[in-house]
Structure formats: C-alpha cells, structure tokens
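Student: Please see the structure below; I have some questions.
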Amino acid sequence: MTARPPESCVLAKDRPEEPVVPVVSPGPLVPVADFGPLDRLRGWIVTGLITLLATVTRFLNLGSLTDAGTPIFDEKHYAPQAWQVLNNHGVEDNPGYGLVVHPPVGKQLIAIGEAIFGYNGFGWRFTGALLGVVLVALVVRIVRRISRSTLVGAIAGVLLICDGVSFVTARTALLDGFLTFFVVAAFGALIVDRDQVRERMHIALLAGRSAATVWGPRVGVRWWRFGAGVLLGLACATKWSGVYFVLFFGAMALAFDVAARRQYQVQRPWLGTVRRDVLPSGYALGLIPFAVYLATYAPWFASETAIDRHAVGQAVGRNSVVPLPDAVRSLWHYTAKAFHFHAGLTNSAGNYHPWESKPWTWPMSLRPVLYAIDQQDVAGCGAQSCVKAEMLVGTPAMWWLAVPVLAYAGWRMFVRRDWRYAVVLVGYCAGWLPWFADIDRQMYFFYAATMAPFLVMGISLVLGDILYHPGQGSERRTLGLIVVCCYVALVVTNFAWLYPVLTGLPISQQTWNLEIWLPSWR
C-alpha cells in the first residue's frame, strides 16, 4: 500500500474556455510507514497474562512422573550427563557410553536446574519448563508483530499452551525443547530486524538518500540480526539440526533485504543486496553462529580430562595449508566420532525402535512417542485397573489441520505474495524438509518439536484472516468472531481431554483406550 507525498500544484489550460484544472506533479510513491503494532501497553499486558497461564501449565506437578525417581525415555541420557557437567567442571565423562553424541548447550542448561533443585525430576526439567514458558511469550510477540494484531498474538499464545507437543517437550529434559526455543527466538529477532530495516529505509527515502546510488542506502548496524546469529549458534550447539535453520533463515533474511530495497525504489535491488547486505549477513548469520558454537566448548578446551581432549585427528590439519592447533584438531576428531554415530543410526544397519517414525507422518502427528507407561499396581483412578502414561502427541484439533493450513499458506505465499505466510512456511519447512534427505535414518516424532510453534503461527494467521477480512460488514465480522471462538474452545477442550496422557495422571483402562484415537498411536 502506498501514498503520494504532497507536491506543489501547477495550473494548466488546454483551451481558453476550459476552467483552470489543478494538476499534481508526479512524485515517488512512499510506502506506508507500518513498522509494527502500536498498542504497546496493551500488547505487553496481554503477553503477561498469557505467559502467566503458560507458567501454570508448564510447572504444575512438573516432577511427578519420574518412574520411581528415575528419568523417563531419553531423559536417561541427558539428566545424568547434565549432572556430570555440573560436577565435572563443565564437561561429561560419559562412562556408560564412551561417546558424546550431541553438543553441550542443552545439557549445560539442564545442569542449571539440577544445581538449584538437585538431581530429581523437578531439577532436570526446570530449565526446559522455564524456556517453554518464555517460548509462549515469544510466539505471542512474534505473531502480534507479523499480524499487526494483539488479539491474534494472544490466540497464538493460547494455541501453543494447548499444543500437546510443545507442552510435553517443555516438561521433559530432552534437547529438542531448547533447540525449539533458540530457533523461534532467532526467527523473532529476524522479524524485528525486517521491520527495523524498513523503518531506516523509509527515513532514507524521505531524506532523498535512496536514489544516491543504484544500490540504495546503507542501513547501519543491525543488532537484531546479530542477536539472531548468536541464538542460531546456541541452537547448533544444542543439536546439529540447528544448522538447517541457519541455512533457511539466512536465505529468508536476504529475501527480506531484496524486498525492502525493491519496495523503497532502489534502482538495482538485487545488486544492492549483494553489495550492501550479503557480507554483513554472512558475518551475522554464518560466522557468528560458528563462533558461538565453538565458544560453548570452552569447558572442553579448558579440561585436561575431557573425552578426546588430546586425541588429535588422524588426517585433520596434518597436511593442511593452514596448520590447526592440536586442540582444534582434537575437537574435529571428537565431532567426527559423533557424526559417524549418527550416520550409522539407520534402519538398514539394524537399528529399530518401536516408536520411531518417518517425517511424512509428522505434520498430522500420526505416530507419536510413548515416553512412559505403567500398568502394574497403579492406583488413584477410581477403577480396578489403572494406567499411568505420558505420550508426546500433537493436539489433533491443530495437527490434523496441518495439510490444509500449509496448502493455504502456500497459496498466500505464491499467489498473493503474502510475506507473513512465507516466513511461517520457512520456519516450518526448516524443521521438517531436511529430514527427508535420509529416510533410512532412525527418527522420532519429537524431532517435530521445532515445527509446532510455526504450525501455531500459521493457524493463528488463518484465524486472523477470518477475523479481519477486508471489506466485511458487521454480520460477517460477528460470524468470523464466532467461528474463531468456537475453534479456540475446541482446541482447549481437546487439550483438556488429552491432559492425562500428556502428564501421566492415573486413568482407567477404559479411559486409556478412549484416549488412543488412531491405531498408529498404539
């Protein structure tokens, strides 16, 4: 949407008998100054209320399901490793496995909770639950900024609170919750950077500096993009799948720059992006994440007894043009061992798990993961036979809409050129599509934890379109509000129904059977 700046009027007469007609001199079109929502106080109040609700749901009975005091599912790896980090000067000795297969940040964060509350269920889950609460606040702020609506942002927060995947992930000491937090935070930083760059370009256009060169103006230091690089580095230092988001978000950031220069009348927007933005973007979203990743290994570098600390790689750096220090070569060797472990974790090599799944089942949560189940001597359900189980499963009222929501988002992106849906698709696909590159690999549905916030964002944008359809009358507006309220109520009800199997509450065998909606959930 554009508007013409006021210009001086000239008077013209084509014929002596015609009246004088004012003619406006053509001037450059100035994009509307829209750089984010304006209801700041109300926005923060709503964010605070939603965050308070998220705090209750994430921390209520957080340490209850611990399988007689021991970690559940893959907590059995990360809770002890975090305890080692806490008591071994920041590094793992890992005597049970002899191999560390993930970078250190997630375990360092788990160790914070264990340091405060001890080696128990609440302790090793505390930091993940805390960041799960902050994740809800981030999604509220991100969707509010993308949609320019505090109401739509609030809806997104409620939906994320009621998402089974995000809920269980925040309440278990697995690495995927930390990965999700960092990538969503980086995504939010890039969205703010997008608006900030447009604001600076707007000022430059009004000042007449946009046409000074064919490349357009410089936009100064972009601290939000720098912060995104730091967060992406922490994501990679949690799980290597953070690299996928570095690539997808890097491309998204450059697309933002090209679009901004085109929108603000730069003569050569592509050339301007190459000239002005590619190198700074590569520094912020390439070099900075790598530097942060290395920095997280500081305790490993400082240790004399860490795994492979002095096991220099066989061929790494020996004949290289730039000789590498032995410590770096040892880290390469250490990393290569972890990589070979993951590369060999395939079905063809005989690695199977009863709850593994493939990525084509993830969008609709067709094959969840059973984290824990106890059917022996369970009491407290009021029936003769009780079950206590915790399952990672997406709330069907949202996840079963994934395919139509993705299709609609694709239509909005390619046909309507709607950047809001485009960025949501970028985030969703970064957490999903790369896993198709190696279908033989053993995979689990909890890898889809990073997809959940972007699914919620997409659904929220659709609900926002229903609420704020251009040109709608009062009846149409009322109908849209009713539809949105009914849908949100359906999601909340669905979440409440699944709550026992998301938290491990005792339920009867009959109720357990009713909770299992699909054969593939067994």
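Any Cβ shown, glycine's included, is placed from N, Cα and C.
Residues or ranges marked as topological domain 'Cytoplasmic' by Swiss-Prot on the basis of a curator's inference: 1-42, 141-149, 193-239, 303-390, 500-522. Here Swiss-Prot flags 43-63, 120-140, 150-170, 172-192, 240-260, 282-302, 391-411, 419-439, 443-463, 479-499 as transmembrane segment. Residues or ranges marked as topological domain 'Extracellular' in Swiss-Prot: 64-119, 261-281, 412-418, 464-478.
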Student: When you look at the transmembrane segment (479-499) alongside the transmembrane segment (419-439), do they share 3+ Cβ pairs under 8 Å, ignoring any pair fewer than 6 residues apart in sequence?
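Tutor: Contact criterion not met.
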Student: Sort out for me which stretch, of 120-140, 150-170, 282-302, 391-411, 479-499, has the most Cβ pairs below 8 angstroms to the transmembrane segment (240-260).
Tutor: 282-302
Student: Provide the three-state DSSP residue tally for the topological domain 'Cytoplasmic' (303-390): helix first, then strand, then coil.
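Tutor: Computed counts for the topological domain 'Cytoplasmic' (303-390) are 21 helix, 12 strand, 55 coil.
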Student: Treating G and I as helix alongside H, and B as strand alongside E, what does DSSP give for the topological domain 'Extracellular' (64-119) in helix, strand and coil?
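Tutor: Helix/strand/coil tally for the topological domain 'Extracellular' (64-119): 26 helix, 0 strand, 30 coil.
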Student: Provide the three-state DSSP residue tally for the topological domain 'Cytoplasmic' (500-522): helix first, then strand, then coil.
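Tutor: Going by DSSP assignments, the topological domain 'Cytoplasmic' (500-522) contains 14 helix, 2 strand, 7 coil.
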Student: What residues elsewhere in the chain lie close to the transmembrane segment (479-499), defined as a C-beta under 8 angstroms and at least 6 residues from its ends?
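Tutor: Answer is 155, 158-159, 161-164, 167, 393, 395-398, 463, 466-467, 469, 472, 505, 515.
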Student: Which residues of the chain, 6 or more past the ends of the topological domain 'Extracellular' (464-478), have a CB below 8 A from one of its CBs?
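Tutor: Residues 147, 149, 151-152, 155, 484.
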